[in-house]
Amino acid sequence: MAPKDIMTNSHAKSILNAMNALRKSNTLCDITLRVEGTDFPAHRIVLAACSDYFCAMFTSELAEKGKSFVDIQGLTASTMEILLDFVYTETVLVTVENVQELLPAACLLQLKGVKRACCDFLNSQLDPSNCLGIRDFAETHNCLDLMQAAELFSQKHFAEVVQQEEFMLLSQSEVEKLIKCDEIQVDSEEPVFEAVLNWVKHNRKEREPYLPDLLEYVRMPLLTPRYITDVIDAEPLIRCSLPCRDLVDEAKKFHLRPELRSEMQSPRTQARLGAKEVLLVIGGFGSQQSPIDIVEKYDPKTREWSFLPNIARKRRYVATVALNDRVYVIGGYDGRSRLSSVECLDYTADEDGVWYSVATMNVRRGLAGATTLGDMIYVAGGFDGSRRHTSMERYDPNIDQWSMLGDMQTAREGAGLVVASGLIYCLGGYDGLNILNSVERYDPHTGHWTSVTPMANKRSGAGVALLNDHIYVVGGFDGTAHLSSVEVYNIRTDYWTTVANMTTPRCYVGATVLRGRLYAIAGYDGNSLLSSIECYDPVIDSWEVVTSMATQRCDAGVCVLREK
């Protein structure tokens, strides 16, 4: 029989446990580390094996080589105790309270495992309120992966980050670095302009001189004419600065003289790159007069369509949302019954992904509205085959569970659901007797629905999306005609206006925002199913047909996914 090496995972662990017991009983210890007057007995060989810092100290010709006591400066006794526990046990508890001391100490003593654990912990704690501070902390301690992760987080969540105290405390050069970045993800330049203005006003006396320089990096020509005239022109800080007025005039000229745009090209006239976003169109009612399971993906950069794996169950009247790199296909109608089942696609750019089932809703729902708020999915209304619902339920993907929430005032199917400023809006729909123009708003903090100003037109099967802090409602059916009209709701003024009509009437149409523009996807025009996609540019208040899918459909689920 040939000899064979046998390895056991428990051997190294048992040695560490024995060494730790010896340390705690001060047995065979040959070095004492003194920190803030507290002595920590230890074994040179263990310290040297875990730390390049101690290895150099005990094996080179440093003064500490022959000493039995070593003073360690630059960390606290409590931190030293945590680090020694790691050396002897290979475990460390990183907390919000200790990480700011633990990471610098781990860097000082060159304990790579603790440094990595601290970086992983801080990465998991990234939030709009702390990402800028974590980025600076990571840069100070040469944690390059964490620094990059924090930068990407601040770019992805720019609109939220600039509302935090950390942003207000940045230096002028740090603000400039952030707003000039091509990769910040914003639907328009409005939050960029407002971020600069708010930063200046936070300390106007000292910061006002920086305003013209910072506005150089705001892409004002890409703002809507209405925003330029109503907001920017009315701002006193802009009106009293000639360099700022010059930038505003450039933006106005860009709109008033479109024939000169080719001569005005500069970084200010180029859209930010942001993340690579793709549009998914899922299921629906197809040309065979039945529900379909086809999933198509549109890349706006290449203007090309491709197919993804089909959903497991054919569905029309389906609701779809994207959340944390996953796509959820919710409820619908399979041709026989309304569904409570939910399918999920875990999607990455280099893989097609696989559909799998998650927890079913508490209620069967077709033509329900769906949206996301925070890390939760909300679904409201819909038709179960016998009645329309007022109910709303929420899905928590962390525990794979649905829970019921407060009922709407009106039962609705075919209504749109969208989040704006932390509130959930439900718009239009059909109550079983009438097509509706009413709008309700849900406050997650109070759990109550309240009515707001209704739409000008009754609409069911309309597309709903949020663009530049305004809710757009496109197309739908009013009981008589299939609509091409578009209404816009200002959440600040509780007021509705109209913008340019779509090129084609569309009912059971999907709507979403992609790279700062509003897309209306497929639908039914009153005569035939559509495969065309049109796009609305709010800067010039105009729609254009940009592409067509391979599949004619209505009642489809649509969402935008950011590719990694």
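Numbers here mean position along the shown chain, with the first residue as 1.
Every residue, even glycine, has its Cβ placed from backbone N, Cα and C.
For reference, Swiss-Prot has these:
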type: DOMAIN; residues: 29-96; note: domain 'BTB'
type: DOMAIN; residues: 131-232; note: domain 'BACK'
type: REPEAT; residues: 278-325; note: repeat 'Kelch 1'
type: REPEAT; residues: 327-375; note: repeat 'Kelch 2'
type: REPEAT; residues: 376-422; note: repeat 'Kelch 3'
type: REPEAT; residues: 423-469; note: repeat 'Kelch 4'
type: REPEAT; residues: 471-516; note: repeat 'Kelch 5'
type: REPEAT; residues: 518-563; note: repeat 'Kelch 6'
Can you count helix, strand and coil residues in the repeat 'Kelch 3' (376-422) using DSSP?
-> 0 helix, 23 strand, 24 coil
Are there three or more C-beta pairs under 8 angstroms joining the repeat 'Kelch 1' (278-325) and the repeat 'Kelch 4' (423-469), sequence spacing 6 or more?
-> no
Reported in the order helix, strand, coil, what are the DSSP residue counts of the repeat 'Kelch 4' (423-469)?
-> 0 helix, 28 strand, 19 coil
Restricting to the repeat 'Kelch 4' (423-469), report the mean pLDDT as a whole number.
-> 96
